[in-house]
Amino acid sequence: MSEATEQEPPKKPAGRRKFELDPRLASYKGVWVFVEHERGVAHPVSWELMGEGRKLADTLGVPLAGVVMGAPGIQARRFCEDAFHYGADLCYLMEDPVMADYRNQPFTKGLTDLVNAYQPEILLLGATTLGRDLAGSVATTLQTGLTADCTELNIDLENRSLAATRPTFGGSLLCTIVTLNYRPQMATVRPRVMSMPKKDDTRSGSIIEHSLGMIETDIVTKVLEYIPDNLQGKPQLPFADIIVSGGRGMKRPENFQLIWDLAKVLGAEVGATRPVVQAGWVELDRQVGQSGKTVRPKLYIAAGISGAIQHRVGMDASDVIIAINSDPNAPIFDFATYGIVGNAMTILPALTDAFRQQLATAKVAV
Amino acid sequence: MHIVVCIKQVPDSAQIRVHPVTNTIMRQGVPAIVNPYDLFSLEAALRLKDEYGARVTVLCMGPPQAEAALRKAISFGADDAILVTDRAFAGSDTLATSFALASAIRKIQEDMPVDIVFAGKQTIDGDTAQVGPGIAKRLDLQLLTYVSSIVDLDLDKREITLHRRAEGGVQVLQTRLPCLITMLEGTNEMRFATMPNMFRAARYPLKQWDKDAAGIEDVSKIGLKGSPTIVSKVFAPQAKSQRAEIIDCESKEPKDLAVTLLTKMFTKYPNLPEEIAKVNA
Amino acid sequence: MDEKFDAIVIGAGPSGNAAAYTMAKAGLKVLQIERGEYPGSKNVQGAILYSKALEEIIPDFRDDAPLERHLIEQQMWVLDDESYIGTTFRSAEFNQQPYNRYTIIRAQFDKWFSKRVQAAGALLVCETTVSNLIMDGKRVIGVQTDREGGAVYADIVVLADGVNSLLAKKAGFHAELEPKDVALAVKEIHFLPEETIQSRFNIGEGEGVVIEMAGKITQGMMGTGFLYTNKDSLTIGVGCMLSDFKQQKITPYMLLEQMKAHPAIKPLLAGGEMKEYTAHLIPEGGYKAMPQLYGEGWMIVGDAGMFVNAVHREGSNLAMTTGRYAAETVIALKEKQLPMTAANLAIYQGRLEDSFVMKDMKKYKNMPEIFHNNNHFFTTYPELLNRAAHTMLTVDGVDKKTKEREIRKSFKQRRSLFGLMGDAYKMWRAFE
Ligand SMILES: Cc1cc2nc3c(=O)[nH]c(=O)nc-3n(C[C@H](O)[C@H](O)[C@H](O)COP(=O)(O)OP(=O)(O)OC[C@H]3O[C@@H](n4cnc5c(N)ncnc54)[C@H](O)[C@@H]3O)c2cc1C
Ligand SMILES: Cc1cc2nc3c(=O)[nH]c(=O)nc-3n(C[C@H](O)[C@H](O)[C@H](O)COP(=O)(O)OP(=O)(O)OC[C@H]3O[C@@H](n4cnc5c(N)ncnc54)[C@H](O)[C@@H]3O)c2cc1C
Ligand SMILES: Nc1ncnc2c1ncn2[C@@H]1O[C@H](COP(=O)(O)O)[C@@H](O)[C@H]1O
């Protein structure tokens, strides 16, 4: 993002000025979503972006394309199919053995070549370790603007430009960034910020193939080994359907057991606020919020959490939020679905019991 | 070996407040700090210096006050510090910043070739994680982001082996110098400066480069002009219009509150019990 | 590292800065050590700056020092639960340059002062805590810091480390502070637009008001409250003796909260955003609680030496003046190439005695006790005064003479005539 927010505001409020796109850029058309995958699995953020990309493309009246890059084989084509099911009209497919693993050099060349050849006006990537690495170098190579970690994407119809909104200043404020006279307009979006679109298995589209034109000896960096994470016992917050989170209002690490108890009954993941993580009550992977994970479960239970903006941005897309807080004025009540004003230490066990009973009766009913 | 570490001075975002009425940032009294992510990279550089011997130059682009950040880096053990500062840089976005920093690094090269450039994973104010990759592209350096550890460095072969964080695992990568590395947070802990280094930092004659000294001829590549992205508005997050439905019952007993909540919730969201049962199974 | 300095100054508050500046300016090799992240980082407070003391050190300070507002009006309030009675002094003379008193924000002021100190040639090292004085027998020869290679040596060590000087205590120069000798002050800064402050306090650009408060806001404890106008913020705070807080079991925070809710104070703060909350000790033991101020190779300046005039809320001026005297003492000895022995450093004590510093300290030496032993000053009198005013000002058909009689009666009921006279006499004696 521009430093302009830090110094003085830009002289001309860009959104308002009548704007003429450089005619050389007029040929840039269409919305692209980079389909990220690793070890044969597509990253869900790709499909979340596809859903978002669909809306942008429809607003602009242009096609939506997926970009799939990887080793040759059936897998890559399957990702193209998935892209169609999630909303793409066409896919650009680049297959080459040197792209079996992600490496910056071939992927940057590949994506840059594709952009130069087919000229999209918007290019979206997931704000993952891969997406950020790639987006940063592609944007520099293309000499275009890139807005990272967006939370909202819109089209400014007046000049057909992408208005990308993202948090700034430690999350206390949001800013909207436009890239007027450069193409493509690039943005990254964190996983789980956008909702997962409905899959439509009947959809299909066309595949445009393009070759990379690189051989292994051109590439300086070698992947010696890949050590997959041992996911056993590791929290998987971003994709959990139920999360029980505790904040500083739990007072003591021992009390956090109440959170675990409820989570166990529900089969839920345990989340936490930053102060709790920093105090070492739970591991870093459980932090929800701006500097932690973004989640969007069906049910989010927040106990002893004030609802500071940096926490909120990570969880307020949850379908149902239950907040337990002793302070009736806690900000969390401003956006939760249900609130219980009271002491979490007594409410949580009661809630655990109530859920346990409900589950038991549900089982009997089946 | 010559290592350049790019550090940025940023406002301590933990202490930033937004004015409730005007929605503007209240900067008064907000201390400026070294971008916390940069410290992991600086410490990694200093460890390479300890192990293999190196000259460590820290580089910062920013207003004159940013010299404090550079002095701090000297106190931790960096050898040289250069502040690139010029009014012409005002309003630079990441593309323009990486251009300016890349030019400055080219100038630094004239003195002594650079083997490794370190940048922070991201900043806490811009938070884009783009400047590092941008510098690498412009200088044609091998780019290694999200590095969790540097396993080996062979200066004769000019080869470096390291672990890079991928989404579902760790890549063990080997590449050639020169390269640009951004370190993952939490991978090391910044050392406590020694007293002699504190003295050195306090006395260090900082180098200040304006755009000419940094070798920048094309001013259309820097500042607002050189920045494709434009901030069109800054605003406070909107409060959701819906306030929570506060659960209450006559007895106010936790047990009754819990039951009331579930009854209400399952009536309004009839699919929820099924969802819970599914997760539970 | 065996680096040796002419002088080491511990602390970069007003006293340490004054000392370091004066010595560095005279060409001495000075090291200043500050434990905060930067000078003033631990001192984020609005305060009153008295020009004179600073002028003596940096005559042109007005050119670039971060000054908030110069004061043109002083109010004194005695508060009851619902009301206050007070005096206001405002003078056009206060609007003539050079101004005498300013409000400042310490964090910015200290930073500015420190820049001047460094420009004068002193070496400043921050984020470094002096953990011990290095002694050679009875002589202080240097300091030990908390860093690796952290011993540094000097001919003289100036302790400017503020109230509760741990170093002086450790070295045995100073007894443990007693709760009856220190006040605990809490304060907040509330941001308000410049224009709002100006219209609310009826002042122009750059002009400021101070309100000093006493009475029931301290809930019977010995202490006072204050409100200062800064450029675009207000500083509001209250301080009471630590011993009283202990006894009354009231937290300073609660006290401030109640004070802010006072019907006379609340509208002044309305619409402001609270920016920061800080608590700090003030040494208010006065003359009788002062430690030995110098010895073999060391001197104490500022708050560390109890140099605070609690009655007039003066501290930073005493800090700067004592810092300057200490520095001038060192400079004089250096010039004559005399060692920094206790005998030679006695000049410092002499300078203090001859100046307003010790004269004022002595003048108010009995104040703390008088207030301590008589909490009527903080409870009964404010109530009576306010009620008297209320009675007189309420037009209700009762004749003024009857009203006066009632007022007299109420005074006597609450406190015997003898007690009243006694208090008045003691006050007079203390101020005299
Ligand atoms: C740059 C930056 C990034 C940040 N990133 C994150 C992030 O990713 N995630 C995050 O969470 N925070 C983040 N924060 C911190 C965030 O600003 C808040 O400080 C934090 O979320 C507050 O955590 P909390 O709600 O647990 O604690 P508090 O704000 O202290 O709230 C505790 C709550 O518990 C309630 N309570 C107390 N006792 C009880 C009781 N007995 N029963 C019920 N309720 C009780 C209180 O009323 C209060 O509302 C970030 C801050 C910054 C500056
Ligand atoms: C609420 C309040 C209001 C006040 N209002 C006024 C006012 O309006 N006008 C006025 O003139 N005075 C006022 N005072 C008093 C004034 O603030 C002090 O008298 C003055 O700050 C004393 O200066 P100093 O340099 O002695 O100490 P300090 O300002 O306390 O400075 C001491 C410095 O030493 C550092 N230090 C301490 N120990 C170590 C160590 N071991 N190693 C390294 N560094 C160390 C500290 O970090 C600190 O920076 C007020 C005080 C308070 C608390
Ligand atoms: N103005 C700057 N001066 C020096 N380094 C910078 C500057 N801006 C960014 N960087 C470097 O680039 C990294 C990523 O920044 P960003 O892309 O803004 O998140 C930072 O951690 C720094 O190492």
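For all residues, glycine too, the Cβ spot is worked out from N, Cα and C.
Summarising model confidence by region, the domain 'Electron transfer flavoprotein alpha/beta-subunit N-terminal' (A:31-223) averages a pLDDT of 94. Under the heading domain 'Electron transfer flavoprotein alpha/beta-subunit N-terminal', TrEMBL lists A:31-223.
The FAD binding site annotation in TrEMBL covers A:ARG248, A:273-274, A:287-291, A:304-311, A:ASN325. A coil conformation is recorded for A:GLN290 (FAD binding site) in the three-state DSSP classification, outside any helix or strand. All chains included, 24 other C-beta atoms sit within 10 angstroms of the C-beta of A:GLN290 (FAD binding site).
Highest Cβ count within 10 Å among the binding-site residues A:ARG248, A:HIS311: A:HIS311. For the binding-site residues listed here (A:ILE305, A:ALA308), the lowest count of other CB atoms within 10 A around the CB belongs to A:ALA308. The C-beta environment of A:GLN287 (FAD binding site), restricted to residues of the same chain at least 6 apart in sequence and closer than 8 Å, consists of A:GLY271, A:ALA272, A:THR273, A:ARG274, A:VAL277, A:LYS293.
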